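**Student:** What follows is a single structure, and I will ask about it in a moment.
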Amino acid sequence: MTNQPLTLAEKVWRDHIVAAGENGGPDLLYIDLHLVHEVTSPQAFDGLRQAGRKVRRPDLTIATEDHNVPTIGVKTGDLQEIQEPTSRLQVSTLRDNAKEFGIRLHSMGDIEQGIVHTVGPQLGLTQPGMTVVCGDSHTSTHGAFGSIAMGIGTSEVEHVLATQTLPLKPFKTMAIEVSGELQPDVTSKDLILAIIAKIGTGGGQGHIIEYRGEAIEKLSMEARMTMCNMSIEAGARAGMIAPDQVTFDYLEGRPHAPKGADWDAAVEYWKSLRTDDDAQFDTVVHIDGSALTPFVTWGTNPGQGLPLAEAIPQLEDFTNDNDRLAAERAMEYMDLQPGTPLRDIKIDTVFLGSCTNSRIEDLRAAADVLKGRTVADGTRMIVVPSSTRVKMQAEEEGLDQIFIDAGAEWRTAGCSMCLGMNPDQLAPGERSASTSNRNFEGRQGKGGRTHLVSPPVAAATAVTGHLAGPADL
């Protein structure tokens, strides 16, 4: 086994097998980090309670309040700041469960509070070679560090809480090779949207994707997190990028990163986490990164996307009957006509936020476009940092004032308008340009229409009132 060439995913998987599966059964994997939030955990804790079990490794479990929290009016973190009764109950329940089971919790008002997929990396909890799980599909974000990170269901959350293990069958492996160098106006969000448009929302089904190549190696850690975050939108179980000096520089000095001799030993191990030269992937996809331009979605799934310079496709462009029917339904829901230039689509609300694109680099990129400009009449812009730490850093850099001066709303940290589960929602028929990850029907509010975009495109769109890129200003 040790002499067989392995992919990155296979190496991490191998190092976490507690008990190998027999006769095609699942392997039992050890879980290094379990992230918890208020929405998918209540029933899991109830299951523990009913069975008389404790949390096996509370030291490897961390909880945050993110999905249901408001982004306006949060001052102390008191439960009464949550107006919606169900949301307030879920947050209250998480606080009670964390206290009862001895789990570290970052609540509203806590300096470390934020979206769980930002909090893990910024604290240095997410590290190369780990297995990371959370009851949230965008756990794949953490794969940017060279970890196997995946979303799990509530019953699996209970299993990990009780045993710190998870039974899983090995997944297929896919390499997405991105050659060349991205153009200055092209971001990792444009790249991942282009990839999903190419392979489809089911293209990665049953696979762990490893993003490789020159364009990937030149991405910052935050840009890599955006890539891995949206792996699930291509149908993949997880996404990974091999750790390198960019990874090590990001982690060094963070609160939970190894220190001293432990750091040196960790880096030596992390350097081994690369796909062997002769390792075989089940699927390989090639992308020319240098040929990409800003990319946006027009439909109701992340695979229905096009370069910003293009127009809504003609129905006859779809040779597959299912794709054509899906496109027809998407155009009807989105109230769009074939042949309409994407730049002609008027936008009511611009949302800069979510675990995909509201880290400090994203806020800087949008602020660079907005500086000295104003949000168009008839358009509103909401800016929601992904964590309290990100918010504080942005304010130290004066980014908040750039947004406020432009006429945008500067909010506190949370998942916000990414999903219709808190007060930040679209009205029926309202159209958004959003830096989030899903454009499903009703995702941002019943009847809301969502176009997925990068932070620079979001900012340019806010200024013009229609889909636009910085080059259009």
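From the backbone N, Cα and C atoms, a Cβ is placed for every residue, glycine too.
Found this in Swiss-Prot, in case it helps:
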BINDING   Cys355, Cys415, Cys418  [4Fe-4S] cluster binding site
REGION    423-452  region 'Disordered'
**Student:** Inside 8 A of the center formed by the CB atoms of Cys355, Cys415, Cys418, which other residues of the chain have their CB, for the recorded [4Fe-4S] cluster site?
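**Tutor:** Not counting the recorded site residues, we get Asp66, His67, Ile115, His117, His138, Gly353, Ser354, Thr356, Ser358, Ser386, Gly414, Ser416, Leu419, Ser436, Asn437.
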**Student:** Please work out which residue of Cys355, Cys415 has the most C-beta neighbours within 10 angstroms of its C-beta, and give that one of the binding-site residues.
**Tutor:** Cys415
**Student:** Around the Cβ of Cys418 ([4Fe-4S] cluster binding site), how many other Cβ atoms lie within 10 Å? Please give the count over every shown protein chain.
**Tutor:** 29
**Student:** What are the DSSP helix/strand/coil residue counts across the region 'Disordered' (423-452)?
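**Tutor:** Tallying H, G and I as helix, E and B as strand, the rest coil: 0 helix, 8 strand, 22 coil.
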